[in-house]
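Colleague: Pasting a structure below so you can have a look.
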């Protein structure tokens, strides 16, 4: 297709070098190589360091400084340099990386100016005249990365007057404010594909879908007339993309959207198939869309966003949780094991109850343990039901009810763990003060269920009238509008701090009497006993939930969310292990 075959070479290279492409040998002088490839490659690389402080791997990294943030307002200052650099494979790869970095780090409050500059940069490497150069980009996943980056950035576009439209020849972005009382919304695109003419696309959100929205939201659509030729799949026999690529960012309450594609090739007699791009697996997914209508010139597709039955467990304490197959897998496995473990724990407690509660202190301890297990069991089941309610029923009142009880039982879990911590302090420090069973039960129920009821009831009463109780995309407490999530996070973290003090007291009490008074073997046994006490108390007092603070501080870190899910989605199993199975009685 007339593409020039080139490869990067070192700027210190002297003499001639050879380039081989599809069995054709090209001779180029080193000066020509430097002027065509390396110089422009460094030019793009230096933009990332000069204006944003980004660092890319490779030779260009050594040119970066600390970076200046004067360009971050709308990125317009880098446009002339980007557009003047030739769209050769090395530059394409770096521009894709630049767009990815901007999307990940500079996508807060995306104004019209930011989106215009971003679109101009993307348009430079999506031009139909240079599409053949993508075949020589080293990273075969670059097209998919570009699509994900544009979707992420465009999804944060601010709609100042209720709508927005940014049009470039090879990328167009449109956004509308939508709510349940509006009629069906549509996005129309007519874009240049090559010198011979235009190609059109059409997006429609049906009116019955808009009725699912609990509050005003926004819908963003991006059209790419040339991206279909760039996306490389892992499928052995990839199909031809015979139309533009339409990307739609919708509220998660919506279940389907109608897309109309004009065919590029209207002469072929082959049937059409509607597909969605699966970024993680790098393939076209036929299960995402279905053909609604088909003619010689156009195809109408009905597409449904991918939905997961379970949310990430870390959503309980984090303002937002990243989408990750590993994270959702850990949540599913952890909840399943936790629920089975808690059922077994309660069954064992029922069978041996009369044998292990002969003294007042053991009765109080096992009473707390049973209520901790019961609260966590109900909360874990509700966590699953809340996700199912949100994904299938999509009933707003049902989602409010699920969130209220989810909030109540997870708070009950923490307040019963707090009660157990107070009981441990009582057993260690107040051994000569006796508490009757009736006084203990009254105090324990007031703390364990009374406090959570007051907090959860006040939260829904204060925030629900303002439509600020639920977060968008899940049946759980809102963060960005009303900070309702703090009604769970603050009590939980406060109890964790208190229980941490309890553990410190236990360590001091159990270790002080033995350390340094005997031989090394006695010191070692004392250390082992202290470690065992800490291991036993950590899940029973909920100390692992303290890692939720990391997900609050940096909600974008996938590693923090994975560690949190590992520590806490499996809490029911740890309660069975340390609270029941390792109890000698």
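Glycine is no exception: its Cβ is also placed from the backbone N, Cα and C atoms.
Checked TrEMBL, it gives:
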type	residues	note
DOMAIN	178-323	domain 'GAIN-B'
DOMAIN	327-583	domain 'G-protein coupled receptors family 2 profile 2'
TRANSMEM	333-356	transmembrane segment
TRANSMEM	368-388	transmembrane segment
TRANSMEM	408-432	transmembrane segment
TRANSMEM	439-462	transmembrane segment
TRANSMEM	485-508	transmembrane segment
TRANSMEM	534-553	transmembrane segment
TRANSMEM	559-582	transmembrane segment
Colleague: If I count Cβ-Cβ pairs under 8 A between the transmembrane segment (333-356) and each of 368-388, 534-553, 559-582, which range comes out on top?
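Modeller: If we count Cβ pairs closer than 8 Å to the transmembrane segment (333-356), 559-582 scores highest.
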Colleague: Could you tell me the mean pLDDT over the domain 'G-protein coupled receptors family 2 profile 2' (327-583), as a whole number?
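Modeller: Its mean pLDDT is 85.
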Colleague: Is the transmembrane segment (559-582) packed against any residues at least 6 beyond its ends, judged by a Cβ distance under 8 Å, and which are they?
Modeller: 312-314, 317-318, 321-322, 324, 326-327, 330-331, 333-335, 337-342, 344-345, 348-349, 369, 372-373, 376-377, 380, 535-536, 538-540, 542, 544-545, 547-548, 550-551
